[in-house]
Amino acid sequence: MKKTSSEYMEQTEEYVLHTYNRFPVVMEKGEGVHLYDVDGKEYLDFAAGIAVFALGYKNEDYNQALKDQVDKVIHTSNLYYHAPLAEAAKKVVEATGMSKVFFTNSGTEAIEGAIKVARKYAWLKDGSNDHEIIAMQHSFHGRSLGALAVTGNAHYQEPFKPLIGGIKFAQYNDLESVKAQITEKTCAIILETVQGEGGIYPAKAEFLKGIRALCDEKDILLILDEIQCGMGRTGSMFAYQQYGVMPDVVTVAKALGCGIPVGAFVLNEKTAKHSLVAGDHGTTYGGNPLACAAVSTVFDLFEKNKIVEHVKEVTPYLEKKLDELVEKYDCFTARRGKGFMQGLVVAGRPVSEITSKALENGLLVISAGSDVLRLVPPLVITEKDIDEMIEKLEKSL
Ligand SMILES: *Cc1c(COP(=O)(O)O)cnc(C)c1O
């Protein structure tokens, strides 16, 4: 028998480890850009499961492709070849402009893989075990110990030390501070092309280009984390493509499978040739037939529905509407972002006050950093959805 929403919430809190302060709502189903709770209330979703559900909910082509794969085979292990892996890998490699991919089950695992690639690459050169990685303040790369070690957030790190060693931090968008951390031991620099959890900060072009030049000069690997900003969100398939900068390793997850848990680290030819070999890395689930069918279908549907073009086309309208809010309300002091990855800086009240009120008004928005209201909607939103979002948001102030 169906339970009430408070019964589901109580049961969840009774049995699930409390590592999340959840919004007081029990979601049941989704359609297009809307989610519905167990009482049938509709929510306009400008969070998309944290930048995951790019295609919108209940996309028929996507659902059908997954159902077909479920009926064929869900899992085989990586001891065998299968068609979805071959197809998904080709699409990821071509879309990123890289050379080889390794599929993981999550973003944090993609980061773990990228770190192992960097260490192996450096180890092959000099055989030593004391290489360093430079990461950025206010970055977010995940919760496993390696990814946490490169996450520039003392609050997340402190209770779990010692993390992996050899990590140094620099200031994002400050090339001099990166230079100051470089030694002969530096094997990689890792950063998000657009910082997400830290508060929606796009990299400045001079910064990213400067880092690429530094890496080239000293044979340091550039790892770009596009787990949140990749997959069309910023108006190009990957954000680095707007900078004319290529990474040596790129990490992808969130929208990669549009809801099926899957991530990837993708290597250029140099790193693919001089890093991980058979036996160096593995995963039982990673890149299984169901996950790869999802990835493959996502790329097909991005092309069929011209998702990236759509983001590019609608972005000016979204930015204009958000800029009007900044103009009109004292509680918003600035807008930052790229494409459908936008943040409004909130002053004078906690962001959670706005996100909670928005929920009551049928709008899902989330926070980033300590004072940023984050908008990461499905990539299929229209101008009409944006108008509805603005109306609901204004009502929530
Ligand atoms: C979400 C995120 C991660 C971690 O991904 P999980 O799938 O939650 O492990 C890493 N990097 C960035 C930039 C992210 O936004």
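Cβ coordinates are placed from backbone N, Cα and C, and glycine is handled just like the others.
Bear in mind that the values here come from a model prediction, so they are computed numbers and not experimental data.
Going by what TrEMBL states, the pyridoxal 5'-phosphate site holds G107, T108, D225, E226, I227, Q228, T284, and the candidate of F140, F207, F299, F302 recorded there is F140.
In this structure the alpha carbons, written CA, of T283 (N(2)-acetyl-L-ornithine binding site) and D225 (pyridoxal 5'-phosphate binding site) are 20 Å apart.
Only G107, F140, of the binding-site residues G107, F140, E226, T283, T284, place a Cβ under 6 Å from an atom of ligand 1. Mapped onto three states, the DSSP output places G107 (pyridoxal 5'-phosphate binding site) in helix. Each residue contributes its Cα atom, and for R143 (N(2)-acetyl-L-ornithine binding site) and E226 (pyridoxal 5'-phosphate binding site) those atoms are 16 Å apart. In the shown protein chains, 22 other C-beta atoms lie within 10 A of the C-beta of T108 (pyridoxal 5'-phosphate binding site). By neighbour count, meaning other C-beta atoms within 10 Å, the densest spot among the binding-site residues Q228, T283, T284 is Q228.
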